[in-house]
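Record features (Swiss-Prot):
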COMPBIAS  26-48  compositional bias 'Basic and acidic residues'
REGION    19-48  region 'Disordered'
TOPO_DOM  1-84  topological domain 'Cytoplasmic'
TOPO_DOM  106-116  topological domain 'Extracellular'
TOPO_DOM  135-140  topological domain 'Cytoplasmic'
TOPO_DOM  161-165  topological domain 'Extracellular'
TOPO_DOM  187-192  topological domain 'Cytoplasmic'
TOPO_DOM  214-235  topological domain 'Extracellular'
TOPO_DOM  257-274  topological domain 'Cytoplasmic'
TOPO_DOM  296-329  topological domain 'Extracellular'
TOPO_DOM  351-373  topological domain 'Cytoplasmic'
TOPO_DOM  395-438  topological domain 'Extracellular'
TOPO_DOM  460-495  topological domain 'Cytoplasmic'
TOPO_DOM  540-576  topological domain 'Cytoplasmic'
TRANSMEM  85-105  transmembrane segment
TRANSMEM  117-134  transmembrane segment
TRANSMEM  141-160  transmembrane segment
TRANSMEM  166-186  transmembrane segment
TRANSMEM  193-213  transmembrane segment
TRANSMEM  236-256  transmembrane segment
TRANSMEM  275-295  transmembrane segment
TRANSMEM  330-350  transmembrane segment
TRANSMEM  374-394  transmembrane segment
TRANSMEM  439-459  transmembrane segment
TRANSMEM  496-516  transmembrane segment
TRANSMEM  519-539  transmembrane segment
Amino acid sequence: MSNESTRVTVSRGCTASDECAQALERTNDELDRESSVSESRSDEESHEKLSRRRFPTLGIGIWLDLKDRIPYYKSDWVDAFNYRVIPSIVDTYFNNLLPAIAFAQDMFDRTDNSYGVNEVLLSSAMAGIVFGVLGGQPLCIVGVTGPISIFNYTVYEIIKPLNTSYFGFMFWICMWSMIFHLVLAFTNAVCLLQYVTTFPCDIFGLFINVVYIQKGIQILTRQFSAKSGEKSVQDGFASVVVALVMTAFGLFFKLFHYYPLFSHRIRTFISDYSTALSVLFWSSFTHFGGYLHDVKFKKLPITKAFFPTSKVNRPQNTWLAYEPIPVKDVFIALPFGIFLTILFYFDHNVSSLMAQRHQYKLKKPSSFHYDFALLGLTTCISGVLGIPAPNGLIPQAPLHTETLLVRDSNQKVISCVEQRFTNTFQGLMILGTMTRPLLVCLGEIPQAVLSGLFFIMGINGLMTNSIIQRLVFLFSDPNRRDNTSPLMKVSKKSMLIFLSFSLTGFAGEFAITNTIAAIGFPLVLLLSVLVSFSFAYIFPTEELKILDTNVAQKFTIKNLLLENIRDAKFCDKHED
């Protein structure tokens with residue numbers, strides 16, 4: 001009943017006396033106050049609803065990730081009873097192990113022996129086991145690669161004049177970074193990942209693959225100098241030949257499933273084990289005798305089993321590496337922690353996205369908020385143990401998913417074997433590699449073979465990179481182009497402008513990592529994401545849908561979309 005009708009009713013039930021007038025006045029005042037309170041409550045409720053729509057509940061992203069993934073935890077292990085798991089373990093083990101050792105050598109040389117093989121092996125093993133068993137998305141391979149090695153030795157070069165403990169400083173960098181990881185995860189800031197498109201991912205993928213090729217070349221240049229410091233042309237030339245021949249044969253057999261030779265099963269088998277067989281064969285080749293006896297191939301560096309590498313910068317009898325540093329240095333570590341968080345925010349999440357591309361036809365839910373929080377905890381553990389902090393790997397993460405794909409005879413993807421066993425077991429294998437017998441075996445692998453593996457991984461990654469594919473399309477004979485390609489619908493002008501943006505972004509990333517300013521290259525990654533927002537004003541909508549699309553299907557990023565998490569509640573019993 002409205003206030004006006006109530007007032008009329010009261011006035012009719014009273015005489016013209018003063019008492020009736022006073023009663024009427026009091027009633028009207030009470031109704032006015034009630035109306036005012038009701039309107040105030042309504043305004044507050046509306047404001048609460050508006051706030052709730054704008055800002056999701058703290059931690060709701062992590063809750064939704066866990067809510068989606070926990071029902072699949074049992075099947076993540078049961079589904080591992082599939083043949084695709086075996087070649088995936090072998091391939092992922094070598095793809096993760098050998099490049100990590102090469103980057104360990106970089107850090108060993110440029111941090112005065114602070115980080116070595118054992119630190120990198122322990123970091124990769126911990127990451128594989130933790131994310132294999134506890135991770136939300138076990139397809140994403142986590143370990144040590146180029147960006148974090150660049151970060152670690154750049155920090156060392158910057159703080160060396162401060163005369164402070166490197167491991168104490170890295171401990172506080174990891175502590176600050178862990179705090180920022182958890183803050184970003186619990187405030188649902190990982191939702192910003194929904195705006196990451198293929199443009200920055202392709203740039204970063206191109207950058208990583210070129211860095212792998214660069215690393216292979218750097219390894220070969222070191223083969224021309226003997227341990228005594230003298231030049232050794234025959235050793236260097238022999239190493240170059242082994243690396244290039246291994247690359248040629250490795251790529252030939254890696255791509256064997258595209259050839260018409262033999263049956264589909266045989267082609268798949270050869271392609272599956274090409275990486276492992278290449279490493280084993282060409283490592284054995286250097287022992288074939290003859291003129292090879294006159295060549296001294298440099299081998300991979302190894303150290304004492306399960307002991308820290310450095311005999312100067314940290315105690316040898318424990319993996320607890322923390323050393324006290326002045327309070328001012330604790331706060332000097334703060335901006336470095338921010339840079340590390342930015343690097344991992346982009347590097348890890350993009351690795352996870354690329355491991356869940358729409359063409360892989362995944363069926364199980366993703367996990368971004370929870371995994372980023374878990375990454376913060378592994379970063380903390382790394383600081384305590386004095387090992388490089390691990391994060392998502394490119395190209396290892398998407399390569400891992402590709403090894404699990406089930407294809408038909410025409411190489412079309414049918415499904416993917418989504419499980420936890422491969423990530424977990426390759427982590428255990430890397431941990432086992434820290435034992436003395438396996439370290440000795442590892443020490444028999446020539447550095448030339450490692451260089452060849454870098455070339456294989458880098459070139460194989462370039463062949464599937466969209467930027468390279470568009471360059472090839474642009475310079476192809478118009479009469480030989482695939483008329484069914486979506487790029488046929490893009491004008492040459494738009495193609496050139498878009499490629500200019502892509503190559504500029506790549507050049508910026510690659511250039512800054514080769515300077516003292518390498519610590520700031522995560523900002524270049526962030527800038528490439530921001531640049532993509534301007535494309536809507538530069539390219540026609542239909543062409544932009546072809547040039548810059550979403551990395552993963554909407555099902556994969558559903559917990560990153562604000563419209564899906566704004567009104568979500570903890571322990572909500574109602575399912576959509």
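Cβ coordinates are placed from backbone N, Cα and C, and glycine is handled just like the others.
Ranked by the number of CB pairs under 8 Å to the transmembrane segment (496-516), the listed stretches 193-213, 236-256, 275-295, 374-394 are led by 193-213.
Below 8 A, the CB atoms of the transmembrane segment (275-295) and the transmembrane segment (85-105) form 3+ pairs separated by six or more positions in the chain. Confidence in the topological domain 'Cytoplasmic' (540-576), given as mean pLDDT, stands at 77. Here the transmembrane segment (117-134) sits apart from the transmembrane segment (330-350); fewer than 3 CB pairs are under 8 Å, leaving out pairs fewer than 6 apart in sequence. Under DSSP, the residues of the topological domain 'Extracellular' (214-235) split into helix, strand and coil as follows: 14 helix, 2 strand, 6 coil. Beyond its flanks by at least six residues, the topological domain 'Extracellular' (161-165) meets 313, 323-326, 329, 332 of its own chain at Cβ-Cβ distances under 8 Å. The recorded stretches the transmembrane segment (330-350) and the transmembrane segment (85-105) do not share 3+ CB pairs below 8 A when only pairs 6 or more apart in sequence are counted, and are therefore not in contact. Across 141-160, 236-256, 374-394, 519-539, the stretch most heavily in contact with the transmembrane segment (166-186), judged by Cβ pairs under 8 Å, is 374-394.
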